[in-house]
Amino acid sequence: MRALKRFGAEGIALLGAAVVFLVPFSFMLLTAVKDPLQSADLDFSWPNEWRAVQNLLEVIEARDYVLLRAYLNSTILTVVSVTLIVLFAAMAAFVLQRRAGRIGSLANFLVLAGLIIPPAIVPTIWLLQAIGLFKTLPGLILIEVAFHLSFAVLLFRAFVAAIPRELDEAAQIDGCTGLALFFRVIFPLLRPVTVTVIVTSSVAVFNDFVNPLYFLPGDDNATVQVTLYNFQSQYSTQWNLLFMDIVLITIPPLLLFIFFNRKIVAGMTAGAIKG
Amino acid sequence: MVTQQEAGPRTVPGPALPRPHARRNAAYPYGLYLPAAVVYLVIFLVPTAMAFYFALTRWTLFDSTFVGLDNFRDFFAEQNLRAGFANTLVYAVLTSGLKVVFGLLLGVLLTSRLRLRGFLRSVVFFPVLVSTVAVGITFSALLRPDTGLVDKTLAVVGIDGPDWLGDAGTALLSVALVDVWKGVGLATVIYIAGIMSIPRDYYQAVAVDGGGAWHRFRHVTLPLSWPATYSVIILSLIGGLRSFDLIWTMTRGGPGFTSDTIASIIYKQYQAGFFGLSTAGNVILFVVVTAVVVPLNRFLAKRQVTS
């Protein structure tokens with residue numbers, strides 16, 4: 001009887017989660033393979049005609065292969081930004097955790113400020129224009145690095161706290177200080193949290209829509225998120241192509257999720273609670 | 001080991017060694033801050049500081065004329081803009097409240113002895129990783145009147161569903177619910193960690209005293225997952241106050257201006273070329289976020305210590 005009751009509860013929980021979380025994703029997939037006419041109904045129905053390959057090709061060819069360029073741009077943006085975020089944040093977090101003092105508390109304050117303060121957008125555009133980086137990929141990379149540093153520093157700092165200082169002392173005796181101490185001893189030990197930072201910040205940068213919208217407008221520089229607007233217009237929207245595009249840009253986060261699911265959750269929780 | 005080796009050179013006459021304190025710090029040079037500091041200073045702090053000046057000007061990006069507080073006066077004099085101010089607060093409070101409630105419930109459910117626990121955890125967390133714009137477009141379709149899945153389902157049980165995004169009364173609420181759908185996975189993960197760090201002994205104590213599931217929740221899980229609640233509230237309030245992409249994708253601030261928030265107004269004014277006004281919006285957003293988050297953070301942190 002009890003077993004039966006538990007089985008029932010599990011069934012309900014599973015059903016609830018399936019309806020609430022899986023239905024929207026199946027809707028995306030179904031609409032992505034419909035023909036233009038049926039997809040315009042935007043209902044939850046079985047496709048009359050499966051056009052997966054044709055829709056895929058049309059999305060890729062649209063606007064002179066803008067999606068491929070966007071994929072290239074997004075990949076460069078994500079890889080470079082995340083590399084810099086990891087390096088810069090880990091170094092800063094290391095000193096921040098190990099060394100107290102007035103500069104340390106100022107840095108601490110700035111990290112928190114970076115988490116709370118919304119970026120001032122038009123002045124940032126003005127500044128990028130002044131240094132000649134507005135509407136360029138390097139400009140957007142710097143933006144992503146600056147905006148995501150704080151969170152990464154917090155995650156790293158919580159983790160550095162768990163590395164015993166005796167290790168630093170032992171390394172110092174062997175003549176390692178500063179950069180050498182960091183890169184040879186500390187950074188390799190940070191690997192678990194580094195994975196977390198890589199995953200969370202690459203998802204954030206890859207999925208970012210707001211910053212490319214402001215700081216990197218134009219078809220040549222499109223990132224994948226911005227391509228979603230190609231298939232939408234005020235008068236007619238090609239719904240099947242739009243949803244095929246959605247499916248395509250959801251693939252990279254899906255892959256990350258499949259490979260790192262456990263690690264993301266473990267690392268996030270460590271950072272969120274201890275931090 | 002350590003002391004022996006350090007004792008070595010001290011017997012040799014020569015220049016005094018630096019104080020141990022100073023030597024310890026030398027291993028952690030401030031230089032390691034440098035790359036982060038430069039990027040952060042130039043790209044983030046300088047524009048933030050300049051915003052306070054440009055908010056007081058009529059500004060074309062090349063020329064600026066000082067106009068004093070005119071932009072702020074315009075901002076609060078125009079009804080649409082004032083509505084955006086109120087919407088921002090409603091949106092943030094609503095989303096973070098719901099994320100606390102659902103995150104806690106899901107957290108309790110997904111730390112219980114459910115056989116499908118692992119699968120459910122993944123299912124709930126996945127939307128966190130999907131792009132907000134994709135989520136917004138998908139739900140705009142699901143929430144359409146008549147043909148959308150939500151209204152069709154409601155029709156089955158005889159309810160005539162509203163035009164979720166097209167009706168001034170429900171637009172902001174609908175977007176907020178989608179925000180909760182997307183973000184509750186993160187809240188759940190934070191709660192799972194919080195609940196799992198509660199020592200088992202407390203639950204055993206409740207069992208010894210003859211308490212049931214409700215007692216376990218009310219007297220152990222709820223108070224002891226406080227640090228998680230604290231993180232969820234702060235994170236989702238900050239996110240909610242700054243939220244832009246979901247609102248922009250789903251309603252463009254409409255119908256009319258009924259779901260505009262400060263962040264969407266900043267974008268609209270920027271698009272229209274009113275750079276000074278847009279920046280004034282930024283300063284207002286800055287003030288609102290600071291005024292809400294900083295005192296709340298202090299208050300919650302204090303409660304955390306005493307509980």
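Quick reminder: no glycine exception, Cβ is built from N, Cα and C everywhere.
Curation does not apply to TrEMBL; its annotations are automatic.
Noted in TrEMBL for the protein shown:
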- A:12-33: transmembrane segment (TRANSMEM)
- A:71-260: domain 'ABC transmembrane type-1' (DOMAIN)
- A:76-96: transmembrane segment (TRANSMEM)
- A:108-128: transmembrane segment (TRANSMEM)
- A:140-160: transmembrane segment (TRANSMEM)
- A:181-206: transmembrane segment (TRANSMEM)
- A:239-260: transmembrane segment (TRANSMEM)
The transmembrane segment (A:140-160) in contact with the transmembrane segment (A:76-96), cutoff 8 A, at least 3 CB pairs, sep 6+: yes
Contact call for the transmembrane segment (A:12-33) against the transmembrane segment (A:181-206), three or more Cβ pairs under 8 Å: no
Same-chain residues near the transmembrane segment (A:108-128), Cβ under 8 Å, at least 6 residues beyond its ends: 96, 134, 139, 143, 147, 149-151, 153-154, 214-215
